[in-house]
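To keep things clear, I will list the structure first and then write my remarks on it.
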Amino acid sequence: MPSSVRNRNEKWVPKRHQLKFAFPSDSLTLLFSVSKLLNFLAPPASLAGYVPWNLHEPERGKFDFSGNLDLEAFVLMAAEIGLWVILRPGPYICSEIDLGGLPSWLLQDSGMRLRTTYKGFTEAVDLYFDHLMSRVVPLQYKHGGPIIAVQVENEYGSYNRDPAYMPYIKKALEDRGIVELLLTSDNKDGLQKGVMDGVLATINLQSQHELQLLTNFLLSVQRVQPKMVMEYWTGWFDSWGGPHNILDSSEVLKTVSAILDAGSSINLYMFHGGTNFGFINGAMHFHEYKSDVTSYDYDAVLTEAGDYTAKYFKLRGFFGSLSGVPLPPQPDLLPKTAYEPLRPNLYLSLWDALQYMEEPVNSEKPVNMENLPINNGNGQSFGYTLYETTIASSGILSGLVRDRGQGYTRLRILVENRGRVNYGDNIDDQRKGLIGNIYLNDSPLKKFRIYSLDMKKSFFQRFSVDKWSPIPEEPMFPAFFLGALSISLSPFDTFMKLEGWEKGVVFVNGQNLGRYWNIGPQETLYLPGAWLDQGINQVIVFEEKMAGPVIQFTETPHLGRSQYLD
C-alpha cells in the first residue's frame, strides 16, 4: 500500500496526485511533472490517471497504445520513480475531453444509449476492456506492479440512467482479472446514488462546506471504512468567451488541511492538468453550449507547462511539516524561450485546397460527421466538415447545425465540431455536422458533396510545396497559412500568440497544438520544445476569418482575464 503522511490527529493518510492522462514518450514536461510529486513527501506518493477510450480505439476494433498513448510505459515510469498508481479506466472518464472519452463512432447507432447496459454499448465496452485489461492486469500490485486501486466508471451517481450499469462495469473489471481495491467517485449531486456494494465510495469536491456534508454521508453508509476525497478540485477549467478561473492558493491550503484533519485521504485534481492538444477538448451544455479552451492549465498545482506555482510551494511546505523528514531538492524547471516573430509567407485558400483532398462523399441528404462513410466505416470524430450543394434561388436557410457553421456562395456550409459534451444528461445527443435536412424556403436541399476536414497528419501531406502561393493582399478565407520557424540551438518550450488573428487551429511539424480564438480567455498556445527541431520547423495555421501579420512567441503563458472561484 502507499506510503503516507500523518495528519494532525496522527492517522496515516495516503497522499495522491492526478494527471489528466498519459503522454510519456514525446514530452519531458510530464516526466518532470511526475518527478515533482516526490518533492511533497519523502515517502512515495500515488498517481491517479484516466485512460481515454476515444484515443485508444479511434476506429472500432483498432487499438493504439503506441507513442504518446503508451499506457504501460506511463505506469511503469511512475513505478520507476517511486509512485503507486490509481487507474481510472472508465469507460466514461469525463475529464473535460470530447464525449467524456467515449469514441464518437458509438453514435453511429441512432438508438445508442451511452453509459447503460444497452447492447450496442456493452458489446463495444466488452471488446475494449478485453484489450485494455490484458495490458492492465500484469501491472497490478498483486502481480508486482504499481497499480493499487481501480475506479469503476466515473461520477455515475449524477447520471444514474440504468441501475444495472455499474454492477455490469464492476463485473467486467473483475472477470478480466482486476483484483485490486475498487472505487467509485461522485460529487455532491450524485454521491447518494453512486454508492454500490463491494466498492469503496469516494467523493469529489472543492469547498470545506461540501467536505462536511459528504463525509457525514460516507460515514452513515460506510461506517469505519477509509475515507477518501478522490477529486479535490485545485482550480477549474475554462470555456471560450468566459474568464480564466482561478482558486486562491491560501483557500486551497485551508481545504487540504481540513480534509486531512477529517481523517481522509486526498487526491489533488488537478496536480498537473496539461493541454487539450488537437481537437480533444470537451464542452458543457446546460443553459447554453460552451466549449472548453485548449489549455487545461486548470490553475492546478503545476502549470500547463509543468512549472511551479504558489499552490505548489504552499502545499510542499505544508506536507513537509507533516512528514517529519527533510524533503528532497526540487527539480529544475524546463527552460522557456521567446522565439523571433514568424511571418507566414505562403497561403492556400480552403476552396483551392479542395481539389487536392480525397474525393468527397456524395449524398442525397446531409450526413452528420459520425455517420460519414469514411475511416473504414467509423465516420469522422474531430475537426471540420464541409457541406456543398447548389441552389437555384435566394431565400431563407434553416436547419440544425452542430456546433458552428458558416455559409458561402454556391452553398457551402463549413461546420466545426467544437467539442462534444463531456458531462451531463445529453451525451447521447452529441452528433456533429448537419443534423437532418437543411431547408431553403422550407424545401429540403438535395445532392450534397461532403468533405471531411479532420486535419490529421495525412491531411496536410496532400499539400506539397507547389500547391501553395504567396499571400495575396486580400486573402480569401477560410485559408491555410504556411511559415517556417528557424531554431539554431536546442529547442525549448515556448508559447505561441496569434494577436490579430481571429479563430483557427495551429499545426507545428504536423502536431496539432489546438484551437485559438480571439474571444478568449486563452491568448497563447503551449508549444513543447519536444515537438520542435533544431533547424527549420513547419508552422501551418488554419484561419477561418482574419489573419494577423505575424505569429509571436513568449516565455510566459497568457490565459486571460482571471476570475476567482467562489
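Cβ coordinates come from backbone N, Cα and C, glycine included.
The domain 'Glycoside hydrolase 35 catalytic' feature in TrEMBL is assigned to 49-318.
Other C-beta atoms found within 10 angstroms of the C-beta of Glu155 (active site, proton donor) number 23, with every protein chain shown included. Annotation source TrEMBL lists active site, proton donor at Glu155.
Look at TrEMBL and you will find Glu231 tagged as active site, nucleophile.
The domain 'Beta-galactosidase 1-like first all-beta' feature in TrEMBL is assigned to 408-454. Taken as a whole, the domain 'Beta-galactosidase 1-like first all-beta' (408-454) shows an average pLDDT of 93 in this prediction.
The annotation domain 'Beta-galactosidase galactose-binding' is assigned in TrEMBL to 478-537.
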Glu155 (active site, proton donor) and Glu231 (active site, nucleophile), distance between Cα atoms, whole Å: 11
Tally of residues which DSSP labels helix, strand or coil - the domain 'Beta-galactosidase galactose-binding' (478-537): 3 helix, 34 strand, 23 coil
Cβ-Cβ neighbours of Glu231 (active site, nucleophile) (radius 10 Å): 25
